[in-house]
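As given in Swiss-Prot:
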- Tyr15, Gly42, Lys109, Tyr132, Asn188, Asn293, Arg389: substrate binding site (BINDING)
- Tyr72, Ala108, Lys109, Tyr132, Asn188, Tyr219, Ser247, Phe248, Ser249, Arg258, Asn293: pyridoxal 5'-phosphate binding site (BINDING)
- Lys250: N6-(pyridoxal phosphate)lysine (MOD_RES)
Amino acid sequence: MALVNEHFLKLPGSYLFSDIAKKVNTFKITHPKQDIIRLGIGDVTQPLPKACIEAMHKAVEELASKDTFRGYGPEQGYDFLIEAIIKNDFAPRGIHFSPSEIFVNDGAKSDTGNIGDILRHDNSVGVTDPIYPVYIDSNVMCGRAGVLEEGTGKWSNVTYMPCTSENDFIPEIPDKRIDIVYLCYPNNPTGTTLTKPELKKWVDYALANDTLILFDAAYEAYIQDADVPHSIYEIKGAKKCAIEFRSFSKTAGFTGVRCGYTVVPKELTAATLEGDRIPLNKLWNRRQCTKFNGTSYITQRAAEAVYSTEGKAQIKETINYYMSNAKIMKEGLEATGLKVYGGVNAPYLWVKTPNGLSSWRFFEQMLYEANVVGTPGVGFGPSGEGYIRLTAFGDHNDCMEAMRRIKNWL
């Protein structure tokens, strides 16, 4: 008799965004003539950069010829993309990596969810709260999160570090040792950031406590302020304590194309029960060679084009488009009297619900009365209760119309 992994049975019945989709579909069935504006799920709306499209066409033509055809590629990624990543994303910031420290993937979500494969199931975990649900759910699946505590919505083996308006959304350094800490900056869902001195405190904590930081930098391309780090490796010593995840999804509109990369420094080690230090780079490489067959050649050529002169200009234009949306939305929401956070160095706005409304109650009222979809903050963790997340990835006219509707509604 085959037995199931019963840790999966601990998970909530469905993923947050699936719940939202069900509620929206119910509304559409009962209100078929209403036009809904979706500012919930952080999916992009602008087309791929022209440079990337041209690179994909060229790659397709190569695969159509016997002389230039390619079959299986390296599990870690093609050298042409890895070299472009190192040259453009890290070298200008004084950060140096060898090609074997970069692992190309099919999107940051895969690796943030799979990185636990190389870590013991009984490591303690720390997360900022609210948080991207994948971090928690992937740890539940392997048994690392413990048991869900009724009433609190928290997992027993997870330390929650609240990020609220009371602490300016800056998590306090734990007063105890934690094995693994997840950090995402610019932050999803709050849209807030850490300065270099604030991030340095985390690196110092990790080095002092032998803690592994899993740093999600998927939104670094949206950073506008000079004092906000684009990479954790801008902090001295981070190579000894951190793995960084990057994505082309929001940088270049690759949400449907699927490509990102993970940085696992060779200096980074973790311990066995006997106290031996093991390079995580070696373990991750072994894991990838077994469970991953590499990202497609066509996709990687498109990602390489992101770093071309034309690609950089086109990407900047698209990012400016989304950040213009964020500015309009932030100003529009604040004009209605709502308290809004984020939207300056990130494409997310974290909105405090008025009159003490719960996240889901405000979500439903905004859907039914303004026909605008957001994401209930409580879906990102207990500290998200009383907030709702809006994204700036919509069409420009839709964002303006959404602000008009919300203003008239409130």
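Just so it is clear, glycine is given a Cβ too, placed from its N, Cα and C backbone atoms.
Features per Swiss-Prot, on structure.
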residue	record	CB count, 10 Å
Tyr15	substrate binding site	14
Gly42	substrate binding site	21
Tyr72	pyridoxal 5'-phosphate binding site	8
Lys109	substrate binding site	19
Tyr132	substrate binding site	22
Ser247	pyridoxal 5'-phosphate binding site	26
Ser249	pyridoxal 5'-phosphate binding site	22
Lys250	N6-(pyridoxal phosphate)lysine	25
Asn293	substrate binding site	12
Arg389	substrate binding site	27
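In terms of C-alpha distance, the listed binding-site residues Gly42, Lys109, Asn188, Asn293, Arg389 place Asn293 closest to Tyr72 (pyridoxal 5'-phosphate binding site). For Gly42 (substrate binding site) paired with Lys250 (N6-(pyridoxal phosphate)lysine), the C-alpha to C-alpha distance reads 9 Å.
The residue listed as 'N6-(pyridoxal phosphate)lysine' and Asn293 (substrate binding site) have their C-alpha atoms 24 Å apart, to the nearest angstrom.
Separation of the C-alpha atoms of Tyr15 (substrate binding site) and Ser249 (pyridoxal 5'-phosphate binding site): 20 Å, rounded to the nearest whole number. The Cβ of Asn188 (substrate binding site) lies under 8 Å from the Cβ of Gly42, Tyr132, Asp216, Ala218, Tyr219, Ala346, Tyr348, each of which sits 6+ residues away along the same chain. Cα of Asn293 (substrate binding site) to Cα of Ser247 (pyridoxal 5'-phosphate binding site): a distance of 18 Å.
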